[in-house]
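Since the structure comes first, as structure tokens, the remarks are kept for the end.
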Number of protein chains: 2
Amino acid sequence: MPTSFPPPTGDAEAEDTLSTLGEFGLIARLNAGRAQPAGTLLGPGDDAAVVAAPDERVVACTDVLVEGVHFRLDWSAPDQVGRKAAAANLADIAAMGAVPTALLVGLACSRDTPVETLTALVDGLWAEAGVVGVGVVGGDVAASPTLVLSVTALGTLEGRAPVTRAGARPGDVLAICGRVGWSAAGLAVLARGFRSPVAVVGAHRVPDPPYAAGPQAAKAGATSMIDISDGLIADLGHVARASGVLLDVRSRAFDVPARLVDVGAALGVDPLQWVLTGGEDHALAATFSGPLPEGWTEIGTVRAGDPAVLVDGRPYEGPPAGWDHFTR
Amino acid sequence: MPTSFPPPTGDAEAEDTLSTLGEFGLIARLNAGRAQPAGTLLGPGDDAAVVAAPDERVVACTDVLVEGVHFRLDWSAPDQVGRKAAAANLADIAAMGAVPTALLVGLACSRDTPVETLTALVDGLWAEAGVVGVGVVGGDVAASPTLVLSVTALGTLEGRAPVTRAGARPGDVLAICGRVGWSAAGLAVLARGFRSPVAVVGAHRVPDPPYAAGPQAAKAGATSMIDISDGLIADLGHVARASGVLLDVRSRAFDVPARLVDVGAALGVDPLQWVLTGGEDHALAATFSGPLPEGWTEIGTVRAGDPAVLVDGRPYEGPPAGWDHFTR
């Protein structure tokens with residue numbers, strides 16, 4: 001323990017903060033007891049980490065979460081925020097058809113943040129990283145009036161070509177794997193002041209991306225793929241523009257789960273709206289020229305035409321599609 | 001231009017912000033006209049980037065800069081902040097004996113930040129990346145009350161073992177390459193309300209790390225290496241502890257530049273203090289068991305003993321060593 005002045009009162013360990021521990025003391029605390037997987041050739045504690053990149057390429061992405069914008073600590077526990085930050089990045093790696101190999105985290109937080117809050121955040125990063133067998137190999141902590149997590153994920157393509165947003169061709173089948181609409185339903189519940197049903201609130205707090213479906217789709221010859229982070233229609237728009245195609249989503253393809261139907265009835269919302277425009281579930285959408293791999297559901301078609309996303313042949317006329325934090 | 005409401009008044013382009021452009025419009029603006037080097041196999045615009053990792057390993061580090069803590073936009077122009085954020089990370093890659101291959105950036109900023117400020121920040125990242133021939137391959141932008149840059153650098157070891165902090169052995173020679181004390185002198189000048197001499201103020205605004213000296217030292221058999229980001233004595237402390245050795249710095253080894261002597265005289269500060277404890281110049285310190293490579297200066301010895309850093313055989317008794325943002 002640092003010999004800080006004034007001396008700590010009560011339970012010093014629980015009351016530690018960045019101010020009392022200092023940057024290096026805090027980092028030591030956050031790294032204590034973590035076990036790195038075999039692919040981490042050199043873990044935290046040096047100027048940089050070293051991670052295996054077995055096919056001579058590394059896939060890399062960064063995603064930023066800001067308190068009050070992307071999460072609220074009164075709606076989510078810190079470990080849930082950590083899991084969500086990790087999931088957003090790990091899903092991006094999967095969406096390239098790649099397998100994650102490591103996470104790094106840039107953590108900006110108030111000097112007075114209790115160390116147990118930060119430990120829980122990092123526990124959450126590790127928990128989600130553990131789902132795919134990777135570790136948090138490095139990062140940085142800095143004082144900031146606003147709590148910001150900037151997570152970087154690395155991955156390997158295992159010798160395959162990356163599956164980009166640009167490969168969809170007319171005649172391909174459009175498909176998804178994973179849940180859509182659950183997180184948005186959970187957010188709607190929380191925004192009305194409720195804390196249940198647990199199934200949808202939990203889906204908002206901690207997404208459950210189908211990580212393995214990314215490499216699976218790549219192996220099955222997916223022609224394009226994207227992580228559904230901003231909402232199905234909004235994210236399919238990126239595929240349509242990058243590929244120069246028209247995507248037509250068939251609304252009846254979605255077997256809207258009873259949970260979402262019930263929550264929608266309670267809140268007076270058409271649950272299909274959550275399915276089509278809700279973000280943060282991190283399902284994967286992909287296009288295939290051949291048979292779909294197991295676990296994927298056909299939801300539409302790829303056609304020639306000016307880049308656009310249609311629903312049942314028409315422009316979507318529900319509430320604004322997509323989640324853009326700046327313009328909300 | 002987006003057809004926003006209310007319509008823009010005056011010079012719409014200069015007045016654009018995150019709020020008017022939205023996340024994707026802003027990202028498009030920030031990425032416009034950038035040319036990626038050959039090692040960027042897939043650049044921005046997809047779920048993740050793909051970067052070459054020719055020896056089947058990737059070196060990775062993350063560094064966070066926060067407005068008001070690590071920089072002030074009244075003391076540094078936005079492009080200088082971008083350069084500094086990039087330099088801090090690129091120097092960490094060099095300190096492993098590695099060569100940078102890419103940068104990613106997590107940018108959290110106010111919705112009202114003028115797009116030209118953000119473009120300048122990213123211009124700075126690109127300018128510094130250009131010094132070592134790499135590009136900004138990906139990232140994310142998020143709304144935040146506080147401006148935070150979280151930069152991740154990737155690198156390649158070119159087949160060599162990483163040079164860690166843990167390899168210094170008694171009998172090795174301690175050496176540095178690059179400037180020390182300049183940034184601290186510049187900060188002292190700015191803190192007193194001055195804007196000159198330009199040489200030291202400029203060093204604070206944009207460091208000039210000896211990137212090539214990292215791989216050079218590795219090839220010359222450096223036994224340990226570290227980036228001097230928090231101050232020479234503080235950072236050598238990491239080497240002493242990781243290696244289990246005593247490092248004895250010889251103060252007369254430093255040929256304190258006339259510039260620092262002059263500024264020290266003007267401000268009533270012993271310039272050796274800046275040399276020994278000033279951070280953010282991102283010089284490299286390393287230990288060698290054989291001859292020093294060209295451009296490196298011997299500054300001390302490595303001895304057996306309890307891990308510690310001495311100056312002229314004694315504990316340093318100047319002002320507190322090191323720069324720890326949390327405990328200041």
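Placement of Cβ uses the backbone N, Cα and C atoms for every residue, glycine included.
Summarising the annotation, TrEMBL assigns Mg(2+) 4 binding site to A:ASP47, A:ASP92. Within 10 Å of the C-beta of A:ASP47 (Mg(2+) 4 binding site) we count 28 further C-beta atoms, all protein chains included.
Just so you know, the Cβ of A:ASP227 (Mg(2+) 3 binding site) picks up 28 other Cβ atoms within 10 Å once every protein chain is counted. The Mg(2+) 3 binding site annotation in TrEMBL covers A:ASP47, A:ASP92, A:ASP227.
Among the features that TrEMBL reports, Mg(2+) 1 binding site is placed at A:THR62, A:ASP63, A:ASP140. Within the same chain, residues at least six positions away from A:THR62 (Mg(2+) 1 binding site) with a Cβ under 8 Å of its Cβ are A:ASN89, A:SER150, A:VAL151, A:THR152, A:ALA153.
The Mg(2+) 2 binding site annotation in TrEMBL covers A:ASP63, A:ASP92. For A:ASP63 (Mg(2+) 1 binding site), applying a Cβ distance below 8 Å and a minimum sequence separation of six or more within one chain yields A:ALA85, A:ALA88, A:ASN89, A:ASP92, A:SER150, A:VAL151, A:ALA153.
A:GLU280 (substrate binding site) falls within neither a helix nor a strand when secondary structure is assigned with DSSP, and so counts as coil. Marked as substrate binding site by TrEMBL: A:HIS70, A:GLU280, A:TRP323.
The ATP binding site annotation in TrEMBL covers A:GLY139, A:ASP140, A:ARG165, A:SER229. In the three-state DSSP scheme, A:SER229 (ATP binding site) falls into the coil class. Within 10 Å of the C-beta atom of A:SER229 (ATP binding site) sit 24 other C-beta atoms, taking all shown protein chains into account.
Look at TrEMBL and you will find A:ASP230 tagged as Mg(2+) 5 binding site. Using a 10 Å radius centred on the Cβ of A:ASP230 (Mg(2+) 5 binding site) and all shown protein chains, the other Cβ atoms total 22.
The domain 'PurM-like N-terminal' feature in TrEMBL is assigned to A:45-156.
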**Study point:** In three-state DSSP terms, the structure that A:ASP92 (Mg(2+) 4 binding site) belongs to
**Key:** helix
Exercise for review: Could you measure between A:GLY139 (ATP binding site) and A:ASP227 (Mg(2+) 3 binding site) for me? Cα positions, answer in whole angstrom.
Suggested key: 24
Check your understanding: Taking every protein chain shown into account, which of the binding-site residues A:ASP92, A:ASP140, A:GLU280 has the largest tally of Cβ atoms within 10 Å of its Cβ?
Key -> A:ASP92
**Study point:** Subset of A:ASP63, A:ASP140, A:GLU280 (binding-site residues) with C-beta under 8 Å from chain B
**Key:** A:ASP63, A:ASP140
Point to revise | DSSP-derived structure type at A:HIS70 (substrate binding site), helix or strand or else coil | key: coil
Practice item. Could you break down the residues of the domain 'PurM-like N-terminal' (A:45-156) into DSSP helix, strand and coil, giving a count for each? Key: 35 helix, 45 strand, 32 coil
